[in-house]
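Here the structure comes first, spelled out in structure tokens, and everything after it is commentary.
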Amino acid sequence: LHAPEFVIKPRSHTVWEKENVKLHCSVSGWPEPRVTWYKNQVPINVHANPGKYIIESRYGMHTLEINACDFEDTAQYRASAMNVKGELSAYASVVVKRYKGEFDETLAVTPYGYASKFEIHFDDKFDVSFGREGETMSLGCRVVITPEIKHFQPEIQWYRNGAPVSPSKWVQTLWSGDRATLTFSHLNKEDEGLYTIRVRMGEYYEQYSAYVFVRDADAEIEGAPASPLDVVCLDANKDYIIISWKQPAVDGGSPILGYFIDKLVGTDSWSQCNDTPVKFARFPVTGLIEGRSYIFRVRAVNKNGIGLPSRVSEPVAALDPAEKARLKSRPSAPWTGQIIVTEEEPTEGIVPGPPTDLSVTEATRSYVVLSWKPPGQRGHEGILYFVEKCDAGTENWQRVNTELPVKSPRFALFDLAEGKSYRFRVRCSNSAGVGEPSEATEVTVVGDKLDIPKPPGKIIPSRNTDTSVIVSWEESKDAKELVGYYIEASVVGSGKWEPCNNNPVKGPRFTCHGLATGQSYIFRVRAVNAAGLSEYSQDSEAIEVKAAIAAPSPPCDITCLESFRDSMVLGWKQPDKTGGAEITGYYVNYREVIDGVPGRWREANIKAVSDEAYKISNLKENMVYQFQVAAMNIAGLGEPSAVSQCFKCEEWTIAVPGPPHNVKYSEVRKTSLVLQWKPPIHSGRTPVTGYFVDLKEANAKDDQWRGLNKANTLHVYSCFFQVQGLKEGVSYVLRVRAVNQAGVGKPSDLAGPVVAETRPGTKEVVVNVDDDGVISLNFECDQMAPNSQFNWSKDYVSTEDSPRLEPASSSPTPPACVPSLAGCLYLCYVLTASGLCKKQAVPIKSELAVEILEKGQVRFWMQAEKLSGNTKVSYIFNDKEIFEGPKYKMHIDRNTGIIEMFMEKLQDEDEGTYTFQLQDGKATGHSTLVLIGDGKKSCPHFAEYLSWEVTGECNVLLKCKVANIKKETHIVWYKDEREISVDEKHDFKDGICTLLITEFSKKDAGIYEVILKDDRGKDKSRLKLVDEAFKELMTEVCKTIALSATDLKIQSTAEGIRLYSSVTYYLDDLKVNCGTPVKYTDRVKSGVTGEQIWLQINEPTPNDKGKYVMELFDGKTGHRKTVDLSGQEMPMLADRARVVGGLPDVVTIQEGKALNLTCIVWGDPTPEVSWLKNEKPLVPDDHCSVKFEAGKTAYFTVSGVSTADSGKYGLVVKNKYGSEISDFTISVFIPEEEARKATEQAQKDVSPLHPPAKSQGWNNRLL
């Protein structure tokens, strides 16, 4: 054991803004130290700011990468290494510099002095966008800059994936003075990426980013692959051009067989360059005409046909690079008017020398590319080249291009035999003859030199927003010329995969957008390079799409609201981003500033404060302080705010009030908005008597503030103001000033800028008044969340306790009814429970009753408190409306509120439920009565008794229908005479009462009882769920569970193969059998994990192939699920990782000797190899080393074995199709110890009790 020690310490860096920087360190120690990175003594959390920091530890090298550095990254960074023996730290500094560019600082001067800072805001911003190939799309946002300086326009620059976007025939940019737009005239997959708009004003800039996704266009041939992308001309010469491209993410459902390359010369038709498809994503096009311009495109082909072509390449000319450079160059000196002629020795007639530096620059199974340099001796005339080849091991040279000499120092050879070895050489020729050949190349084997990358590993999804998920993975190991990664997503259980990106992304992380909220998805990733696409990674774990909760952003605009001799009151604005959860409190830090030098930070409060204001006590009089504020939610504490300006702690003696605080705007419309604030903490010498509200355009000068009111028009308690007369589309800022008898106080912090506009989908409160003066306020919301509720307020004060206001929720429109009101402002906020369940009702004085009159006549009657002239009554019998006629007579007395119905005679068919429904304006009411038998039942009772049903989610629902209830009626549930606690309050909607029992099982058997009761009486209903009744219910539950089972799926595990099906939930009563008897052993097992029913086959063999059937028996019928393990369904049998041979069972070795073991490993993909000692991971060192070479051979070496090396060892091989462990034992002996033991044994053998036996001595000699 030894303490950590830094072998390599991190080095300080100075970088430009937007560059990346990496800090490296290497640490030794045992046990292996754990390294933690700090920024200014605060641990770095990579999850708090995704994509900003990347921390890696590989092979003892620890790395901190900071992406897109900005000023905030200028700090001291510390690497702390810790183990059980101690802790050691190493420090490095990072300084971030900013480009000043070509701007002249003198421009940033206003008529009133130097503009110390520009504020840049983005409004109406573009969001994550989705388009399709061939469509048009525009990205744009409004830019608001304060202060505005005439003749000084901002610099607008667009970026895609960090690279500047230049205007072209595909994309155009526009700046209209206040709005920046980027327009795609014809979308292509090359346009997919992260788009950033950066607005620079002098030395200040702001930027905003969002992702653009481009989906494939619809295929002209069903099942054909998508179009390739990024067609680029890599190398152009006189008669030779190399074309490269990227493979598409979508293959149309069958593997891509290859690609066709087309060329276009001038305006003629397209011509195909290759007769057979090429699989490699690079291809040399030969036979070009010198000086002509060409355009290329690529098409993919599979068994279903040829897909759509890619976007065309940029035009490229078939010219010698030197000639092209000469044409682009300009004269280096002006024309002097002289022509100087010199004589040179004639060089015509010289045979050119041999080319130099001949090499094979690229070799695939389809072609080989040669490259060389022209000879130094060649004369003034042009030269041609002849390429020769010969089989390896021979000198039989053959000329390849006999008919068409080559003009360029590049050549592609086709029609070579795959797997065969060749050598090549080149000769030059001119009019004087053919020169000597160049030196031959090394032996080249025809075949792909670039391997297809291995699949990525460890796919980990994490929540981001309610429509996106962040997917991270381990990058492909040993991948060469990696282009990027494609990510695919699938809704769990659908079996359908959709691409998340159509342009390969680099790096181990990507945000998948456009997902359905609440759905569960799985993801997979594959890598791509020029050789092709890798196998898919293993599927990720399923994740439900919903917004992640993060810590809030920093608060802003810290200001001093009041100051005393030893305390100060601070105010601030809440964070712009709450992190998806409610802010639960704030923490304040402060520090002293002496002669401009700040001290250390101290905590001002131990317990979080809930308001955006806090009084800090125990300060020093006349001391200068700075402050920071950090917000907190359930996800944790956010980053602290920027350091405030300096405030002096002194007694305020000013007579006027302090500034109002917490100023915010809401209800923004095209001509109005509402401004709210909180009163100032410091009221001055006299109380605050009113407020001034000021407004100006965001880019206007400070002398253009204008008041919107007189102070006496705003009551001191009315901390809101409705701003009218705004101009649509104009950006404004606002402020508030408090007034008392001494005068007007300091203005508040600014609210805004805010653009006056009515957003699409904006709803308003609608007011209706009935004949009785009852006012109904209605607000409709079409974006209700599952936990949303409506919250009414009057003059921005909640109306929950108002006796005159009765809110009601009838989703999505909640009305609020008020008997009368005047001069009040009512609002409805949609917050996060689905509204209140009270409804505005006609007041009932007496419920519906019945009485028997003389001669058997029956009278039904009820009384309301008051009825208007527009009151309408509907008479309902057994859910059907009845009308006045020979049998029924109706009468309404609106003065007394009595409603009557007469029936001549009561008969058997008149048994049932009677209801009087009232509607008076916007108010409604009803009263119900049930007649049973010869009498009446006026108390609450059951119209239908308790029964059960099984829901589609395999839950049991107990339900009953009730009648003659009122709002005071209570319902109580019992099981086995014990009351059941019910979370939800019954609303008796449609007269149905329910009790939901989730995951019903044997423990839920019993006698259920429900009781209805109020002041009129009670009724009860019982349901026995025991014995046969319980069995019947369980059979139905098991049947529903069996029907919910998914099809059998095949999953490869580390041990072998798992067949599984998922159900809503599992019950022991659900019998699971195999259609064909399966013999269960230690290798073949079955079981249930959660909601998954599985059959595990460890170490699968070819004998395990066949058809497997799972039968779910619900007690009456069986439900079968089948899967076929044969043919292509079991590639893992041949490709799973295993140890072929080479390791012994036991190794006996003498102490001090060296041990070397070698074994052969098999598996596709190549297995991961690890070693065990005594069933614990073996850590290699200088004494014990392990190697794994060529993906096949594993080596185990121990130098100078000792008795400590004795034990049980194991070799673990693992790939995605399974794993295997090969065990062996090492026994180390000491010769002297063995001799001593032999002597002791011999002495025991010759003792009197044990005379020696000849046979035994003979056997010892044999041994």
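Using N, Cα and C of the backbone, Cβ positions are placed for all residues, glycine too.
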### Message
For the annotation region 'Disordered' in TrEMBL, which listed range does it cover: 739-763, 1114-1138, 1239-1263?
### Response
1239-1263
## Note on the structure
Looking only at the domain 'Fibronectin type-III' (659-761), mean pLDDT returns 81
### Top Cβ-contact partner of the domain 'Ig-like' (111-213) among 4-95, 354-448, 659-761, 1131-1227 (pairs under 8 Å)
659-761
### Message
Let's see if you can do this one: DSSP helix, strand and coil counts over the domain 'Fibronectin type-III' (354-448), in that order.
### Response
0 helix, 43 strand, 52 coil
## Note on the structure
DSSP composition of the domain 'Ig-like' (940-1026), residue counts helix/strand/coil, works out to 6 helix, 50 strand, 31 coil
